[in-house]
Amino acid sequence: MTNSGYNVIVIGGGHAGTEAASAAARLGAKTALVTHRRDTIGVMSCNPAIGGLGKGHLVREIDAMDGLMGRVADVAGIQFRMLNRKKGAAVRGPRTQADRKLYRLAMLAAIEATPGLDIIEGDAFDLDVLDGRVAGVIMKDGRRLQAPAVVLTTGTFLRGLIHIGSEKTPAGRVGEAPSIGLSATLARLGLRLGRLKTGTPARLDGKTIDWQSVGRQGADEELVPFSFMTDSITTRQVECGVTRTTEATHRIIVDNIKHSAMYSGQIEGVGPRYCPSIEDKLVKFGERDGHQVFLEPEGLDDDTVYPNGISTSLPAEIQAAFIKTIPGLESARILQPGYAIEYDHVDPRELTPSLEVKRLRGLFLAGQINGTTGYEEAAAQGLAAGLNAALLSSDSEPFHFSRTSSYIGVMIDDLTSRGVTEPYRMFTSRAEYRLTLRADNADMRLTPLAMALGCVGAERAERFTAYQAEIDAGRAQLMALTVTPNEARRAGLNINLDGQRRSAYDFLSYPTYDFAALRKVWPEELGRLRPKVAEALEIEAGYSVYLDRQAAAIADQQRDEERRIPADFNYDALSGLSNELKAKLSAARPFNVAQAAIVEGMTPAAVALLLVHLRRQQGFERQSADTRSESL
């Protein structure tokens with residue numbers, strides 16, 4: 001049976017798939033979301049949390065494009081915390097523990113409420129390809145779904161294999177079959193495939209934990225939502241427990257490490273560097289006498305606890321033994337053993353910046369299939385792939401997230417230009433311009449682009465336009481309120497007596513002054529600003545000097561990406577560059593700096609070194625040419 005009439009088909013109902021389907025539908029594409037089971041849409045397969053350092057920035061950017069993750073997390077969040085709250089705004093990371101059930105139900109409700117989006121239950125087995133481009137999807141039961149654009153968001157399901165000690169079980173996650181047919185399809189297309197792995201800890205019965213003997217970590221007093229559309233958090237907040245592994249824990253693990261699937265040679269996939277198993281921690285950091293374990297409740301009406309920090313692939317009986325040596329867990333009962341899962345992924349260098357496969361028009365990939373790890377990274381790719389699939393289906397130009405204006409752009413550029421050798425995770429350190437790419441200004445950076453693209457709903461557009469007007473009016477007011485140095489000193493603002501008038505905005509750029517200090521000088525004028533607007537302007541003004549410099553640097557980078565490299569450029573003479581990079585650049589012979597930047601292994605530091613050398617060399621050549629002309 002053939003179904004016609006879809007513009008976009010999304011395969012997979014996880015974090016990438018839900019954002020992809022929603023994004024495509026918001027652009028007006030008739031969209032089908034294909035999933036094994038409707039009730040698994042939005043399932044949190046691993047840890048019950050959203051956001052964090054770098055990751056929280058991605059959630060805010062998804063929200064700025066009118067995506068779903070931020071709003072759903074605000075409904076399901078049961079412990080909101082702003083990480084790095086005491087540090088600068090650029091590195092603060094919004095995060096929440098989430099109730100798994102609430103999150104899944106809220107995401108399903110959001111998908112079901114999206115106009116133009118159908119949910120189709122079943123197993124996508126193969127792609128329908130016609131004249132060198134995607135024509136639809138072939139289901140395992142023989143159904144054919146037709147569409148000019150398909151987004152694959154298969155997560156860990158591509159030839160997924162779960163490991164618990166020596167036991168191996170084909171699965172995409174516990175209790176769900178892997179996807180074998182699509183993996184074969186990708187290999188048949190000639191795409192470069194690799195094998196990665198991730199892992200998860202045992203799930204514990206919270207009723208058997210001695211909560212009195214562990215530390216506690218609660219939510220912040222001031223709960224900061226993810227979404228621009230959320231006015232306040234109303235879900236009840238809970239505490240997490242905090243404990244540590246012991247020498248006895250380590251002894252059991254080390255004595256039995258040969259039984260770990262990771263260390264027995266049974267697993268061929270590469271694991272995530274920044275989310276190591278407890279076995280990895282002991283091998284790499286054996287000198288430590290303990291490792292922190294966060295006991296994270298999985299829901300308000302669920303006694304299951306996720307012990308974050310002890311991911312493992314040891315046999316179940318050894319897991320039970322080492323868990324009982326951790327303070328507070330002496331009597332803990334395991335509900336589900338921890339496990340490692342390995343799966344196929346596609347080399348993301350097979351993709352364009354729109355996440356379309358170069359070898360097959362109309363096929364887009366998003367999420368762990370591209371070598372990333374994490375809900376937020378997957379969701380951000382799903383957003384980009386869904387938008388571009390919808391644009392392709394209407395013969396429109398693709399939309400590319402820029403590296404200079406979004407963390408989504410940083411991630412996609414990293415993936416498509418450099419590829420991955422291990423699961424990719426977002427950090428603020430990956431962005432060259434993180435003072436500009438803050439979590440607090442994601443809406444100001446991206447919502448105007450989303451509105452121009454047409455993927456923002458009327459309510460958000462109206463609220464954002466009003467907010468932007470408030471910001472502009474507030475900024476103008478701050479710049480109009482000025483005082484002389486003597487007037488400032490009389491008001492308690494200690495500045496140099498240099499005769500120059502300074503505005504309220506100028507004072508906010510100084511680290512010693514904030515709105516509280518300025519309201520003593522201008523109580524009536526500044527008292528009218530909403531707290532959210534005042535906070536945004538305070539951060540903006542505080543960074544203003546640096547942002548001006550960074551804006552210039554961004555413009556410089558865009559120019560430098562077009563800078564030509566001489567065909568006979570001698571990379572071996574470039575001191576400070578590794579021998580490996582010298583060899584790769586000499587072999588690739590990039591035409592310009594933009595091409596050099598995507599050579600495998602190139603880092604921002606290496607690009608900067610190349611630019612300095614080229615500027616110096618080309619400046620010398622211009623100077624020599626000028627000297628020759630003068631002598632003539």
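Any Cβ shown, glycine's included, is placed from N, Cα and C.
Among the features that Swiss-Prot reports, FAD binding site is placed at Gly12, Gly13, Gly14, His15, Ala16, Gly17. Ala16 (FAD binding site): 33 other CB atoms within 10 A of its CB, across all protein chains.
In this structure, Phe285 (NAD(+) binding site) belongs to neither helix nor strand by DSSP; it is coil. Annotation source Swiss-Prot lists NAD(+) binding site at 271-285, citing sequence analysis.
If you take the C-beta of Gly14 (FAD binding site) and look for same-chain residues 6 or more apart in sequence within under 8 angstroms, you find Gly42, Val43, Ser45, Thr153, Gly155, Gly367, Ala378. Listed in chain order, the residues near the FAD site other than Gly12, Gly13, Gly14, His15, Ala16, Gly17 are Val10, Thr18, Glu19, Ala20, Thr35, Ile41, Thr153, Gly155, Gly367, Ala378, Gly382, each with its Cβ within 8 Å of the site Cβ centroid. Cα of Gly17 (FAD binding site) to Cα of Gly271 (NAD(+) binding site): a span of 23 Å.
Under DSSP, Ala16 (FAD binding site) is assigned to a helix (H, G or I) in the three-state scheme. Comparing Ala16 (FAD binding site) with Phe285 (NAD(+) binding site), their Cα atoms are 33 Å apart once rounded. For the pair Gly12 (FAD binding site) and Gly271 (NAD(+) binding site), the Cα-Cα distance reads 22 Å.
The distance from the Cα of Ser277 (NAD(+) binding site) to the Cα of His15 (FAD binding site) comes to 23 Å.
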